[in-house]
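**Student:** Dropping the structure in here first, questions after.
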Amino acid sequence: MIKYCRILGKEGLKFMYKQQKKAPLEQSSFLFWLLVCLTTILLVWSPFQKALFNGNSFSFERPIFITLLMSSLALLAVSIQFFLKWNTRTIRDALTLFGLLIPLTYLISIFPAASHYNAMTMLLAQIIFFTFFLLGSYFVATNKGLHFVAALLWMTAYAIVVFGMMNWLGGGKLAAKLVGWFSNSIESGVYRDAVMTDSNGLRLTSVFQYANSYAAFLIAFMLSALYMTLISRKWQWTFVHAFMLAPMIVSFFLTLSRGAIVLIPAIVLIILFFLHIYRQLLFLLYAAVAFAASLLVLGPITSRGTDLHTQFSSSAAWSGWMILLAASLIVGAIAVVSQRYLAPLLERKLQNLQQKRFMLFVVPAGAVIVAVLGAILFIGDTPAAKLLPENVRSRLQTINFTQNSVLERGTFYKDAIKVFKDYPVIGAGGGAWSALYEKYQNNPYISRQAHNFLLQYLTEVGLVGLLVLLIFLASIVYLYIRWHFQRSKEDRPHLHFIFFIILISLLGHSLIDFDLSYLYLEILVYICLGALLAIAGDVQLKHSSWNRAAVNKTFAAVLAVVSVVVLIVSARTLSAENAYNEFQQVRQSSNNYSDIIKPLDRALDLSASNPTYTLQKVAILFSVYNQSKDENFYTQATQLVDQRLRQEPHNRQLVDQKLSLYKMKQDYKGALDFISSEMVNFPWDISVYEESMSLKAQLGNAARIANNTQETDRYWNGALADYNQIQERIQSLESLPEGQQQGHPFAITNKIALSLAQIQYLKQDYSAASSTLQPYMDVQNFKDATNKSVIRWYVASMKKQGLDVAQLYNNLVASDPNEVVEVQKIIDSR
């Protein structure tokens, strides 16, 4: 790992030696090596836990809190070292202090949070990110630290790529065995969705289980590998990085990510402006060679992978690996030879041109022209395009602004702005989008991610939080760019540039997808920010009157307190999950209430705000209450639901449980008032309209029987208003742009038709009632309770009109003889 120091050269090593003397982390200290161990464990372990995806649901939590536990230990170690040796002397130190404002904005946003639990989880996630920023900023400032982190990133990145290819080429079970002892994502002997299937066919996702985010990861390390191929002084390292280009490029195309394909030329263009002219040419040359070799083998590897997922064949698997190996060896050999002979020649020939500023733009301009020509060749219906596999070609040919994914993202972004307008200053807390999107959505899509990091961030912490983040990012990037172009010609090729490449790649793609909902990827972002600040932030602060010693000790003390609090919280949360797992096991083997509820109560004691635990306990209390009618169980359930709804007002399952509480006591007016208040939060949830119309039809009928005409009209007119609102929303879906899908179904259901028909029937409009019911009736299904009610009311309405439905009536009665009485009750109703 340490052999990367050859890359820096003499001047670079001098600089790093100066940095090392100023660094607060002593390389020989116990704390330094403790941080080495913790960082290694976290960066090797976390990618294989679904890359720490934060889906704002219980199933994703455990790896996040394990990471939090280990991060708190790292933060505690850093705080101790800072207490002993840290001074606010440089801009790096000042920006580190400023970085504390990021978790602080998440702390403030908890108070108006749309979901208290999600907001707390995101606050804790910010502590993880800040810890890795500190590691990047101060740990990487040492010579050993820099090369250790760089080597660790390469090791894990290449392992992820190889892991993905193993799953593609039939080695999924072997890959699962290699990581199964520490990964929680193994199901049926394979890593779940390492190769996923959707409407486009098979898509490679590796550890991410989402192809687009894997593509973003590949962009970052593919372009970094190209850069490392340029600057590595030893031919062995040149070969290793060039060798891995073909597997990464093949994997990139196997993700079928259109957004990543569109983005990569822009990232390449940015990188070129930071390179000397001869390195620009070599960068493009190696990229061209690697892409050409990869495209030549892409077809055979694609077809073999597709076949292997249908039926395993060892010969097909081995031939796939041999083809990929051949391409990798060719690319590696060309890179080594070029670096040995071509690179020095180009450097000598183009040395004079480097002094002319305009020449810096010549190669990038040429690259743009080549990229445009390449797009025409491969996106159009051309012979070159036909060299690509069918699935890749079809994805390329559907790159446009009228496809569903583009149009839907536009809708997400507009809806995110709606959320921001209601929570403009400090946002709606962490996880705001997943909690609120159903309230603000333009149409009934299902997406718990806004597919844009900055907009999702804006909904969570508002304008204040976003400005803090942007100032933080912009300051570090500005310092690094200034440092880069101020360095002498000999110093420009430096290892830190890989952190810049990774940073802009991940941040760039996060503007069109939810990559940074993967905590592993955001950890990489913060490591890169810290690493860039480590080299560019060593600018002395001007003397001022404030007490630096007090600030230094206070900062270290704050870190220590935060680390201890986070350690306790994460330990309690993990203990709560262990208790919950025990509850699930006991529930399967015992029917004793005391045995079942004991571990669940322990989980709630340890993590009272967890909605999953509350939902489970309330469900058990419901069951016991229905059996025993003991009011104590009902009271407990009511208190739990009300308490959790105050913190999670947009949790749909809690809303259902609250509604059930009203219905258990036959408080239909209370149920109607409650569900009516929730319609604004779930305007595209058809089940909410079903409940509302059913209750209004029922209450209207009760008022009719009581001869309360005014109340009858109020309820029934309210039901008709609901029906009209549904129709208006259905009609509004027709205005969606062509090519954009509406999302989940939103249409008149048999439950809605039944409520409307009941009102029509009781108004003695029997013809309208039968016409309303007829399209929503399945005359072959007498098992579904709702469909049975539809048939029952349809038969009654037809009989009232004197029309013949003998066959349907006989079938209904044959399914249940009690239907004779039920139908007659409807006919006799007055």
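From the backbone N, Cα and C atoms, a Cβ is placed for every residue, glycine too.
In TrEMBL, annotation is done automatically, which means it is predicted and not curated.
Relevant sequence annotations retrieved from TrEMBL are reproduced here:
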TRANSMEM  30-48  transmembrane segment
TRANSMEM  64-83  transmembrane segment
TRANSMEM  95-114  transmembrane segment
TRANSMEM  148-169  transmembrane segment
TRANSMEM  237-254  transmembrane segment
DOMAIN    244-470  domain 'O-antigen ligase-related'
TRANSMEM  260-278  transmembrane segment
TRANSMEM  283-303  transmembrane segment
TRANSMEM  315-337  transmembrane segment
TRANSMEM  358-379  transmembrane segment
TRANSMEM  461-481  transmembrane segment
TRANSMEM  518-539  transmembrane segment
TRANSMEM  551-571  transmembrane segment
**Student:** Can you say which of 30-48, 95-114, 148-169, 518-539, 551-571 has the most Cβ pairs under 8 Å with the transmembrane segment (64-83)?
**Tutor:** 551-571
**Student:** Cβ under 8 Å to the transmembrane segment (30-48), counting only same-chain residues 6 or more beyond its ends: which ones?
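**Tutor:** Contacts of the transmembrane segment (30-48) (Cβ under 8 Å, skipping residues fewer than 6 from its ends): 63, 67, 70-71, 73-74, 77-78, 80-81, 135, 139, 142, 145, 148-149, 152-153, 155-156, 159-160, 163, 179, 182-183, 185, 191, 207, 519-520, 523.
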**Student:** At a C-beta cut-off of under 8 Å, are there same-chain residues at least 6 beyond the transmembrane segment (518-539) that contact it? List them, or none.
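**Tutor:** Non-local partners: 15, 18-19, 22, 42-43, 46-47, 50-54, 64, 67, 90-93, 95-96, 125, 128-130, 132-141, 146, 149, 153, 208, 213, 216-217, 220, 472-473, 476-477, 479-480, 482-484, 494, 496, 499-500, 502-503, 506-507.
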**Student:** Quick one: mean pLDDT on the domain 'O-antigen ligase-related' (244-470)?
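**Tutor:** Summing pLDDT over the domain 'O-antigen ligase-related' (244-470) and dividing by its length gives 92.
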